[in-house]
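As recorded in TrEMBL:
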DOMAIN    B:16-251  domain 'Threonine/serine exporter-like N-terminal'
TRANSMEM  B:115-138  transmembrane segment
TRANSMEM  B:144-162  transmembrane segment
TRANSMEM  B:169-191  transmembrane segment
TRANSMEM  B:197-216  transmembrane segment
TRANSMEM  B:228-249  transmembrane segment
Amino acid sequence: MNWPLEAFLSFMAAGAFGIVFNTPRRTLISCGLVGMSGWLVYRSYFLLFDDSVQATFAGAFSVAIVAHVLAKRFKMPMIVFSIAGIIPLVPGSRAYNAMRNIVEEDFLEAISFAAEALMISGAIAMGLVFAEVLMQIYFKYQAKRIQRKIGMTQN
Amino acid sequence: MTQISETKRELALDCFLLAGKVMMESGAETYRVEDTMIRMAVSQNMSDSHCFITPGGIMFSPSNDLPTRFVRIRSRRTDLERVALVNSVSRKLVAGELTLQQAYEEMLVIDRTNYLFAMWLQVLAAGVASACFLILMGGTWADLPFAFVIGGLGFLIVETVLIKTRVKFFAEFIGALAIGTLALLVVNSGFGTNPDTIIIGSVMPLVPGLLITNAVRDLMAGHFVSGLSMGAEAFLTAFAIGAGIALVLSF
């Protein structure tokens, strides 16, 4: 695997999707970085453990975490950053293979591809959910800490 | 709670509903729109307001004894810049940096202005994305120019058919059909090598990424009506693309 090439390509792809979805101009580079981080996490997990469902979960999780952090930083909605980053993880080739096998009337093969595509879609959803819950807990904890700090300075 | 005059209340309601309408039309998540409207209402001393949002319309009730207002959402598309702009105006209103009148005027400007990138730039971006995905999905470098052209062309066809017919699924079906036909033509005439990777790469700009993300986040936040309907829309979009490709492959 050619790391710099894949990083560059995923950066370009996510940035191009940023243009298609009309994200604000000054966030285009950040969108590309979100997509790149998601894809690199997905690829390295896949190469290490050879399980595309878990790898997609890890990729979606990191996309959502990075998007949340950037959303706080830019004071913009989180979807501005996450959508372009999620797209590379969508199981396009498996859905395509499922469709192709249905057309060729090889239904057993089609079902196995379709099931895998479905599991990967579920993994994307679960990755988003886990990241969301984790970030909410973290932000609540941080807000409490800040409140306590303010309380201490007032005393 | 301090009472506010009737004209100011009407202005506030217009402002909230316009903000909600622009956000929903641009593809924001339902729970974010609701959150934004309630925050703006609280900042204008309407602390017991209620708001119910579906992808088709917004209902907003300022309090128990005042009439409820309704606004219909007709078309939806992905325009994240508008979402971010409305969000920042509402933040400023809540923080007290803008008066209600100023906020309403800014919302009107946002509603009227076209923030989309130029069409040629969008088509170019779709082509670049397709070419990148071709390599990422394991395609060969020889197919790169074909994926670039076919991906951009497919996106252009979808947008053109969408403007002409206003039926989203039909436009995606035609786009996928065109992509599949062109990819097979290129390979059968001896220029391209692998039709599978060209098709997968070129179809990527049509994937309903926004709908999938929004559906998941809305379902999680407990907005089942909009979550399920956005999920259904995402599924139908995926089905339209799949049907278009399948029709080409069956020949």
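Using N, Cα and C of the backbone, Cβ positions are placed for all residues, glycine too.
By the count of Cβ pairs under 8 Å, the stretch nearest in packing to the transmembrane segment (B:115-138) among B:144-162, B:169-191, B:197-216, B:228-249 is B:144-162. Counting only same-chain residues 6+ beyond the ends of the transmembrane segment (B:144-162), those with a CB under 8 A from a CB of the stretch are 119, 122-124, 126-131, 133-135, 168, 170-172, 174-176, 178-179, 182-183, 186, 191-192, 197-198, 201-206. Across all of the domain 'Threonine/serine exporter-like N-terminal' (B:16-251), the predicted model scores a mean pLDDT of 90.
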